[in-house]
Amino acid sequence: MDFPGAARLLSLLLVPLLLGPARGLRNASQRTFKIDYGHNRFLKDGQPFRYISGSIHYFRVPRFYWKDRLLKMKMAGLNAIQTYVPWNFHEPQPGQYQFSGEHDVEYFLKLAHELGLLVILRPGPYICAEWDMGGLPAWLLLKESIILRSSDPDYLAAVDKWLGVLLPKMKPLLYQNGGPIITVQVENEYGSYFTCDYDYLRFLQRRFRDHLGGDVLLFTTDGAHEKFLQCGALQGIYATVDFGPDANITAAFQIQRKSEPRGPLVNSEFYTGWLDHWGQPHSRVRTEVVASSLHDVLAHGANVNLYMFIGGTNFAYWNGANIPYQPQPTSYDYDAPLSEAGDLTDKYFALRDVIRKFEKVPEGFIPPSTPKFAYGKVALQKLKTVEDALNVLCPAGPIKSLYPLTFIQVKQYFGFVLYRTTLPQDCSNPTPLSSPLNGVRDRAYVAVDGVPQGVLERSYVITLNITGQAGATLDLLVENMGRVNYGRYINDFKGLISNLTLGSSVLTDWMIFPLDTEDAVRSHLGGWHGRNHGRQDNKAFAHHSSNYTLPAFYAGNFSIPSGIPDLPQDTFIQFSGWTKGQVWINGFNLGRYWPGRGPQVTLFVPRHILVTSAPNTIMVLELERAPCDDNGPELCTVEFVDRPLISATPTSSHPLPDLSDRDSGWDRV
C-alpha cells in the first residue's frame, strides 16, 4: 500500500467515513461549547466532552500535504488539532497581508473541519513556537524603544490592527457559528515573560471578545509553576497549564487548580519530544516514557494536547533561537509521532494504542508513509561570488552611513546584508578586527580584497585577526540566523548593531548592501552565465585557503527519471563536503544547511516543489567553504537520498549551552 496512488485512494475513501452528520459550516443551530464548572468538564452541545488533540503548524507543512497529515492525526484517535497563527507569516510588511496558498489558514481550518477534527486556535499575537521572533513581525522594531508584549501604545496599535484583520476571518469558523474552533488562546505563556502587564492581557481580552463575540471560550497556557500563572492568568479567561512526560502529573494539575479551582483539567502542551539546536544532539524522548505519561494524564480525566504531533520544517529563514544565542535548525522534527516528512513512527502507534483505551479510535486504513526516492548525485557549477553578484542581489545600490546600520534600519528583515568599508591602516601583520560589544548578529563572513579571513560569530567569536593593505576593501557578509523567540530578548536586532574596531580604531564610512536573495534566485535562475575569473577568485585561496572560500552561488539541475510511476516523490538533499549555507530548488527556499555543525545533515524536499516537465534547478549559497574550487580537481555535488539524517553527532568549535531545561524541565515550547 506504500504508493502515492494508494494513499490518494485511501484518502478519498476515508473522508466520507470520518465526517459525522451535520458538520457543514452553515449548520450552526444549537451548537455550543462551554465549561461545566460543577462537574469539572467541557460540554459540547450540552454533552460531556473531552478533547485529545495534537499540534500541527500549517506554516511548517506544505499545503500539498495538509490533508495527508490531518487524516493521520484523525486515525490516531485525535478528535481535535491545535495550531498557532504566526503574525509575521501573514503580515511580512506593514499592511501587506498574505492569506492565500501556503498562507491560507482559513482553508486549513475548513479542511480540518471537513475531516471531522475540532480546532484549538492559538492566534497569539505572540506564539513562541521556535519561530522567528515568536511570530511577531520584525518590522515592529522600526520603533526601537518599543516594549513588545506589553501595553506600550505603539505595540498595542500594531496588535489592534492585526487582530482586526485576523479575528474577523476566524469568527465564522467558531464552533457556535458552525465551524471547528472550540477554544481560542489569548497570548502564549505570558507568565514566563518579564513585563507581567495585566493591562496588556485585558486589552487582548477585550479585542478577542469584540471580534469573536461574548460566547467564545478563551483560555491561557502557562508552565505548571505557580510563578508563571501569577502573571499569565487573568480573570475571565480559563487558565490551563503545560508540562511534559517527566512531570509529576498530580502536582502539575494542582498548580492549575490554584488558578481554576473548578473546571476541566487541561494540559495544553504535553511534549512528545523536544526542540533541537545547531551544535547539540538531536532531541529524543523515549516512546515508552511518552506513552506511559499520556496514559496517566488521560487517567486523571484531563484534556490534553500533544505538542507536537507533527513538527514539520522551518523552511527559508523562519527558524527561531534561544538565549544564550542558539538558533534552531531547519528541521522541526521534534521526535514527534509523525516525522518531519509525515511518516508514521513507532511513537504514533504506541500513542494510538494508549488513546484507544480511553476513547474510540476510527477503524480502517491509516494513510501510509509517503514513498521516498533517491535521485542520486547532482553536479553543481560555481556561478558567482556574492561580491560579484551585487548588481543582481542589490540592484538599487548601497546605503551609505558613517556607522553601521542594523537590518531593521535598512528594512531587511531576513537573510543577508553586506557591509563594506576600507582598511584605514596597513595590516601587513595580523590585526584584530573586533566587535567589542558582541554586536555581530549573527554571523559575519569576512574578506579583505576578496581574500577570505574568517568568521565572526555572535557570543562565540568576537575578534578575528585579518591582514591587508591600507585602503583595501573590507567586506562583512552578515547573516541573520533567526531571531530569539523566547524570553525577554525577543527584540532581537540583526546585522552590525554596534561599531567594529580594527586595532584601536573605530571603523567608519560604510556602504551597506541589503541582499534580495529571493528575487535574485527566482528571477535569474540560469541568468548568471559562466564561471567568474576576476581578481576575487584568483585570490580566494591565497589566504586561509584550508578553511574558507568566498561566499558564492553554485547551481545545477537534474531531471526526474522517466518510466517510473508516481514520480516525483519526496526526497532528502545532503551536502557532503559542504559547510554552511542556503539552498533553493526551483526557486523554493528549502532552508539552511550546516552539516559542519549538525545534528541535521539532510533537508526534507517535498515532492510538490519538483517538476517532471523540465529539469529541476538547484541553487546553493555556500557561505564558508565549498568542496570544490577553481584551482582543484574536486567536483561540487549534492546528493538526493531516500532517508533523512537529522541526528548526526554535532561538531562545534565553541562550547554550547544546554538549553533543554529552559526555566525548569518541560515548561516551554
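Each Cβ is built from the backbone N, Cα and C atoms, and glycine gets one as well.
Annotation comment: Swiss-Prot describes 1-24 as signal peptide, evidence class sequence analysis.
According to Swiss-Prot, the feature N-linked glycosylation site maps to Asn27 (among others), an assignment based on sequence analysis.
Residues annotated as active site, proton donor in Swiss-Prot: Glu189. The DSSP secondary structure for Glu189 (active site, proton donor) is coil.
Annotated disulfide bond per Swiss-Prot: Cys196-Cys231 (among others), in sequence order. Within the same chain, residues at least six positions away from Cys231 (disulfide bond) with a Cβ under 8 Å of its Cβ are Tyr190, Gly191, Tyr193, Cys196, Tyr198. Cys231 (disulfide bond) falls within a helix when secondary structure is assigned with DSSP.
Annotation for Asn248 (N-linked glycosylation site): no same-chain Cβ neighbours under 8 Å separated by at least 6 residues are found. The annotation N-linked glycosylation site is assigned in Swiss-Prot to Asn248 (among others) on the grounds of sequence analysis.
Summarising the annotation, Swiss-Prot assigns active site, nucleophile to Glu269 and lists similarity to another entry as the type of evidence. All protein chains shown were included, and the count of other CB atoms within 10 Å of the CB of Glu269 (active site, nucleophile) stands at 26.
Listed in sequence order, Pro430, Thr431, Pro432, Leu433, Gln453, Gly454 are the same-chain residues six or more apart from Asn465 (N-linked glycosylation site) with CB atoms under 8 A from its CB. The annotation N-linked glycosylation site is assigned in Swiss-Prot to Asn465 (among others) on the grounds of sequence analysis.
Annotation comment: Swiss-Prot describes Asn499 (among others) as N-linked glycosylation site. Close to Asn499 (N-linked glycosylation site) in the fold, though at least 6 residues off in sequence, lie Tyr403, Pro404, Leu437, Gly439, Val506, Leu507, each with a CB less than 8 Å from its CB.
Look at Swiss-Prot and you will find Asn547 (among others) tagged as N-linked glycosylation site. For the recorded site, Asn547 (N-linked glycosylation site), the DSSP three-state label reads coil. For Asn547 (N-linked glycosylation site), the number of other Cβ atoms no farther than 10 Å from its own Cβ, over all displayed protein chains, is 13.
Long-range neighbours of Asn557 (N-linked glycosylation site) (same chain, six or more residues apart, CB within less than 8 Å of its CB): Val378, Pro615, Asn616, Thr617, Ile618. Asn557 (N-linked glycosylation site) carries a strand DSSP state (E or B). Taken from Swiss-Prot, the feature N-linked glycosylation site covers Asn557 (among others).
Taking the Cβ of Cys636 (disulfide bond) as centre and 10 Å as the limit, one finds 20 other Cβ atoms among all the protein chains shown. According to Swiss-Prot, the disulfide bond annotation covers Cys628-Cys636 (among others).
Look at Swiss-Prot and you will find 649-669 tagged as region 'Disordered'.
Residues annotated as compositional bias 'Basic and acidic residues' in Swiss-Prot: 659-669.
Neighbour density at the Cβ, taken as the number of other Cβ atoms within 10 Å, is lowest among the disulfide-bonded residues Cys196, Cys628 for Cys196. For Glu269 (active site, nucleophile), the spatially nearest entry among the recorded positions Glu189, Asn547, Cys628, Cys636 is Glu189, judged by CA separation. Other Cβ atoms within 10 Å of the Cβ of Glu189 (active site, proton donor) number 26 in total over all chains. Taking Asn547, Cys628, Cys636 as the recorded positions under consideration, the smallest Cα distance to Glu189 (active site, proton donor) is found for Asn547. Between Cys628 (disulfide bond) and Asn547 (N-linked glycosylation site), the C-alpha separation comes to 12 Å. DSSP assigns Cys196 (disulfide bond) to coil, not to a helix or a strand.
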